[in-house]
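The block underneath contains the structure these notes are about, expressed in structure tokens.
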Amino acid sequence: MNVSSKVPVPFNGLSVLEYLSTRFAYLSEATWSQYLRDGRISCQGVLLDVTCPVARGDTIRCELPDFEAPIVNFDYTIVYEDEWLLGINKPAGLRVHSGGKFVHANLIYHLRHVHEPPYPEANLVNRLDADTSGLVLLARDKSVLSQLMRQFAEGLVGKRYLAVVAGRPTPGHGTIDLPLGPVQDSRVPRFGVDRAEGKTALTHYKTVRELSRDFTLLELHPETGRTHQLRVHLAAMGHPIAGDALYTMNDDDYLRFRRTPQPQSILQRQALHSHQLEFFHPRLQTTCTLTAPLAPDLAEFIGSTEAIDR
């Protein structure tokens, strides 16, 4: 398997080994070191060794062996289906499309090639982070795909999320209006508040109920759809989503977290669930509202926080 990666600004000057093991932490430093020694990593046709520095804009090419398929949870459910659309309730841990070693271990591949019956024409209308559960909408018709993607782009789709956050947001309802952009000096791809050059991002929130252990269940209505918008907005408020390691740790701690096996716990991902989508069906010419029941691990986590005070 051949993959390539362009070096972003924050990694300028690092050794190629530091770059690969930091940027692509799903493989260990020892594994990347072995690939370098095996002559699998190059830049502009020149093989690299572990000490070679990388510069911003370099394209690093990697000839990787075929990965053993990672074990993922394919326990998704179809909550809506017609001849033009599919609505899927996705579990946390399942990526919606391929990336890295998840060439086949992802939702879209599984629907097209493994599911019985298969859906070879399915295309993603919206996307969720791997560790976010809930509704994913797929189109089975190119015209419908185009029209629905336009609705998402123009902010015409009603989106409702549920999230468990740390602390007690005050006031209990309101709007977060903070522009977002990529964090330029981070060694971990992430987003943050960028008042100078960021894109407009609006999130409406309201408290559903206060939980014990200083957690709160919120309902979130993003008006825009920026990458990691809900996670960044809530962290910026001082109430990060429970279990969200990326937006509660600095670079070093997060990279250490990714490389270290974690003890079993009820919740092993961010407590964020895409609960409802409301959109205009291009073929049926009516408003559709799809709902995905709360994921079992998140329901169990909410139950455990409530049980403390009983």
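Here the Cβ of each residue, glycine as well, is placed from N, Cα and C on the backbone.
The structure displayed is predicted, hence computed values, not measured ones.
Here is what TrEMBL says about this protein:
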ACT_SITE  Asp129  active site
DOMAIN    88-236  domain 'Pseudouridine synthase RsuA/RluA-like'
Assigned conformation of the residue listed as 'active site' - DSSP reduced to three states: coil
CB contacts for Asp129 (active site) [other CB atoms within 10 A, all chains]: 19
Within the predicted model, mean pLDDT of the domain 'Pseudouridine synthase RsuA/RluA-like' (88-236): 92
For the domain 'Pseudouridine synthase RsuA/RluA-like' (88-236), residues assigned helix / strand / coil by DSSP: 27 helix, 52 strand, 70 coil
